[in-house]
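Okay, so here's the structure we're looking at.
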Amino acid sequence: MSRRIIVGTLQRTQRNMNSGISQVFQRELTCPICMNYFIDPVTIDCGHSFCRPCFYLNWQDIPILTQCFECIKTIQQRNLKTNIRLKKMASLARKASLWLFLSSEEQMCGIHRETKKMFCEVDRSLLCLLCSSSQEHRYHRHCPAEWAAEEHWEKLLKKMQSLWEKACENQRNLNVETTRISHWKAFGDILYRSESVLLHMPQPLNLALRAGPITGLRDRLNQF
């Protein structure tokens, strides 16, 4: 076997290995609920990780005890802390995925044939460096594309956190109203039973009737 064939075979094997490692790496950084790279990941008691917003927003009744989405083990939903290392790795993976997307032929600047690295905050569009300094965009605000992407995810996280807080508040209000209605219903049942008992109790004899004469009773007794 020639040296060229051996080298080619080794290169293909290396590419396949890298591809396999990349897929495993990507899978480990993907939330099993939203199937995207983690946003503010939290690791629960059983060891599995989820995006914090995904974890919170998938419980309608907001129980204290619940089950893991993957292993179905009962877990505590308290004091969830961000997995900092996993968050950083997911952020790097998002940036790498973004650069892979921007480097594709479809996303190259049609005028200058350069990668669109800049984001125009006015036009909300991706531009290459030359386009961002052109007359049309010169006075617009620009930032690197990865900054814009991370800012987008942070805003999304805040919105989802706000939704979760509102859901918690609504659930608390609902619990208060449910308890109040239950108490009023119990009070109404007590009143109903009390009224029923009073209606079936024997009524006392009217003293005025018992003290008065019964007309004709003596005459009837004398007939015997």
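Numbers here mean position along the shown chain, with the first residue as 1.
The backbone N, Cα and C atoms fix where each Cβ goes, and this holds for glycine too.
Secondary structure from DSSP puts His137 (Zn(2+) binding site) in coil. The feature Zn(2+) binding site is assigned by Swiss-Prot to Cys109, His112, Cys131, His137, with sequence analysis given as support.
Within the same chain, residues 78, 80-83, 86-87, 90-91, 93-94, 97, 153, 156-157, 160-161, 163-164, 167-168, 171 sit at least 6 positions outside the zinc finger (31-72) and bring their C-beta atoms closer than 8 Å to a C-beta of that stretch. Among the features that Swiss-Prot reports, zinc finger is placed at 31-72 (among others), with the record citing sequence analysis.
Residues annotated as zinc finger in Swiss-Prot: 104-145 (among others). Residues 98, 151 of the same chain sit 6 or more residues outside the zinc finger (104-145) yet have a Cβ under 8 Å from a Cβ within it.
Comparing Cβ neighbour counts within 10 Å across the binding-site residues His112, His137, the minimum falls on His112. Taken residue by residue, the zinc finger (31-72) breaks down under DSSP into 6 helix, 10 strand, 26 coil.
Compute the center of the Cβ atoms of Cys109, His112, Cys131, His137, which mark the site for Zn(2+); besides them, the chain residues with Cβ within 8 Å of that center are Ile111, Glu114, Lys116, Leu127, Cys128, Leu129, Leu130, Ser132, Ser134.
Annotation for Cys131 (Zn(2+) binding site): same-chain Cβ neighbours under 8 Å, separated by at least 6 residues, are Cys109, Ile111, His112, Lys116, Met118, His137. Secondary structure of the zinc finger (104-145), assigned with DSSP and counted as helix (H, G, I), strand (E, B) and coil, comes to 8 helix, 11 strand, 23 coil.
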